[in-house]
Amino acid sequence: MTFFSALGDMAHLAAIFLLLHRMKKSKTCSGLSLKSHLLFLLVYVTRYLNLFWRYKSLYYFLMRIVFIASESYICYLMLMTLRPTYDKRLDTFRTEYILGGCAVLALIYPTSYTISNILWTFSIWLESVAILPQLFMLQRSGETESLTAHYLFAMCLYRGLYIPHWIYRIAVHKKVIGVAILAGIIQTVLYGDFAVVYRRTVLQGKKFRLPA
């Protein structure tokens, strides 16, 4: 863990709890992609399957528990409590293509051919594109609430803070995990366009709206 990865984790937590606050306060999940959140839940479950038998540190243990529990709760709210407010007609991204592609990549190029490492590689690829259904939904609706935009920007910040973390690991430890670097670049690019629009709208007091 580095200073930048810790900051990234804090931004990630802020994004999750900002979203939960928005959902609980407004009692709606309108504008949110259930498909994206189910993909993120799958990311955490497949990545942290070794949670109870490969103990690394108390920090990692607690963070993994929080990520799984909070994402599970978000999915529960969207599937049960707030289901009447879910915009299913806009959440139409074909996630089977994402899942199939990530599974193939995990089998072709895992860090090693063990079940845990294949699942870890799958989770890395999946996290890089799990936001696509949300971005696609946003593209279809054309706009979103400010709190949802804040959540997505916090996710952008989380990803952005991991860039100096990668640079540090390469420069100091000479350790490069090609899959993680490539997937991280893909994820950064996907969030990048959103961050530009966010800066031009929400940070200037305007309603978030995608350009026509």
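Every residue gets a Cβ built from N, Cα and C, even glycine.
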Query = Would Swiss-Prot put Thr92 and Thr28 on one side of the membrane?
reply = yes
Remark   = Within the same chain, the residues 6 or more beyond the ends of the transmembrane segment (118-137) and with Cβ under 8 Å of it are 31-33, 35-36, 39-40, 42-44, 46-47, 49, 87, 90-93, 95, 98-99, 101-103, 105-107, 109-111, 152, 155, 179-180, 183-184, 186-187, 190-191, 194
Ask   = Which of 3-21, 62-80, 150-168, 179-199 has the most Cβ pairs closer than 8 Å to the transmembrane segment (36-53)?
value = 62-80
Task = Kindly report the helix/strand/coil residue split of the topological domain 'Cytoplasmic' (81-96) according to DSSP, in that order.
result = 6 helix, 0 strand, 10 coil
